Amino acid sequence: MGDNYSTYLLDIEGTVCPISFVKETLSPYFTKKVPQLVQQDTRDSPVSNILSQFHIDDKEQLQAHILELVAKDVKDPILKQLQGYIWAQGYESGQIKAPVYADAIDFIKRKKRVFIYSSGSVKAQKLLFGYVQDPNAPAHDSLDLNSYIDGYFDINTSGKKTETQSYANILRDIGAKASEVLFLSDNPLELDAAAGVGIATGLASRPGNAPVPDGQKYQVYKDFETL
């Protein structure tokens, strides 16, 4: 069925990598770093410009606010910038590697036009795909898939993933017709929003993903080998 499309738009969490990666690896790494980051912040620190955008002067209140956003899974663009900054340190130091599914790695490598759309910042997306755990090599080895990806979109570039206009924005930016694009995600609200502009959709059904009510109304993909 994948041969019917020239362009693929992929979600990340629960689609190309386990949904547990964010909850069990990325989020704990971030929250562990927040107290030190906030308390040691100065006007000259690299992260000062990001923290100042929260407009909270008291450091204890700022720290509590950031951790609350994480706990409530708020898709805040400033939080996403801050997470990208901290995760960069983890990826570059070798402490974090992305467990992208082997079939997703193969899919990204063999398809001509692949784009990524995630609520995580574009910077965080590039880091994730730049430090992918190589499934065929020792644990310390990683793959860089960025050269195979044609573009990245987030809530700052395109809008919220549950809004139809966001997908219209992406179609405009990639210069594609809706009929040429297949969007894959584990979130039915995102699939419905994309379908609103005529984009074909596929529900990613990966281990650990939450059950989807009325899942039978979607084309379901347990892996990407058939695409």
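The backbone N, Cα and C atoms fix where each Cβ goes, glycine too.
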Listed in Swiss-Prot for the Mg(2+) site shared with Asp11, Glu13, one of Asp173, Asp186, Asp192, Asp214: Asp186
Recorded substrate site member, picked from Lys72, Lys97, Lys161, that accompanies Ser118, Ser119 in Swiss-Prot: Lys161
For Glu13 (Mg(2+) binding site): DSSP state (helix, strand, coil): strand
Nonlocal neighbours by CB distance (under 8 Å) for Glu13 (Mg(2+) binding site), same chain, sequence gap 6 or more: Ile19, Phe21, Val22, Ser118, Asp186
Cβ neighbour count (within 10 Å, all chains shown) around Asp11 (Mg(2+) binding site): 21
Around the Cβ of Ser119 (substrate binding site), the count of other Cβ atoms that are within 10 Å: 21
Around the Cβ of Asp186 (Mg(2+) binding site), the count of other Cβ atoms that are within 10 Å: 21
For the Mg(2+) site built from Asp11, Glu13, Asp186, further residues of that chain with CB within 8 A of the site's CB center: Ile12, Gly14, Thr15, Val16, Ile19, Ser118, Ser185, Asn187, Ala204, Asn209
